[in-house]
């Protein structure tokens, strides 16, 4: 069945029906649903594993399921396929890309890398399989600092593709790196002025921010960390109010873990409140999740040569971050 035919397929299923059908398909296919914190709440609730990029990569590596359904964006599903060549990996919507991954075209990065032949390449996991294949080590926002700190000080490092995460690491660790100038549109659009206004409105609130944000925003944060780190911090903190400076999907799990606490999404520079939602992540819906499992498509595929080349830096990451 083609993508167009699948999209036209009539669905007369309620939300509850979809939940039930997805659970049935999990058993029939021996499938596991992995979902990122930035997915819509319904998908988060039906997922077998909910996590950030590092958690989901680890789960993809160890799962016994025959089919991996990845509710996230394309590079995440690619990573699952790289780690599981003999398993079917499904993505609810193949158009669910990533502005950060798109900001680092392989042909341009290959030329950039050639200009610094004595540097090793550490690439943020938010990149294509082709960029992973050009890298020495992959990192996530959870383990980036730990991995960079393990590299000898005299060794030059190219850090790609996120300039904001790279700049944050340089400041925290105190070493220079050669940065590729890529960025995430969602994390770059948060408004410093509006954030200051929220801090005035909620004077007792702690500001939790993702390191993909710009430095002018990060300087107002009480805590900076990965999505999982922000979630864990909000659970452990004695504070009752938080301003959350990342994709607003994370707030769903924060609220579930701490129902008596208040979580306020940070505002963007745009007037619409939807700007702190990743448009790529939100292409996946509960209906598309059901249909991709029912029809076992769209499926992630790649050449074995590319998979093996991209596997090495991912395995290096998993080895160094144990």
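A Cβ is built for glycine as well, from the same backbone N, Cα and C atoms used for every other residue.
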According to Swiss-Prot, which candidate in 36, 111, 116 joins 53, 124, 125, 126, 141, 210, 211, 212, 227 at the iminosuccinate site: 36
Recorded [4Fe-4S] cluster site member, picked from 139, 278, that accompanies 98, 184 in Swiss-Prot: 278
98, 184, 278 filtered to the binding-site residues whose C-alpha is within 10 Å of residue 212 (iminosuccinate binding site): 184
Alpha-carbon distance [residue 278 ([4Fe-4S] cluster binding site); residue 36 (iminosuccinate binding site)] in Å: 12
Nearest-integer angstrom distance between the alpha carbons (Cα) of residue 124 (iminosuccinate binding site) and residue 184 ([4Fe-4S] cluster binding site): 12
Helix, strand or coil at residue 212 (iminosuccinate binding site) [DSSP, three-state]: coil
Rounded distance in angstrom between the Cα atoms of residue 126 (iminosuccinate binding site) and residue 278 ([4Fe-4S] cluster binding site): 14
Iminosuccinate binding residues 36, 53, 124, 125, 126, 141, 210, 211, 212, 227: largest Cα-Cα distance, in Å and rounded to whole number: 17
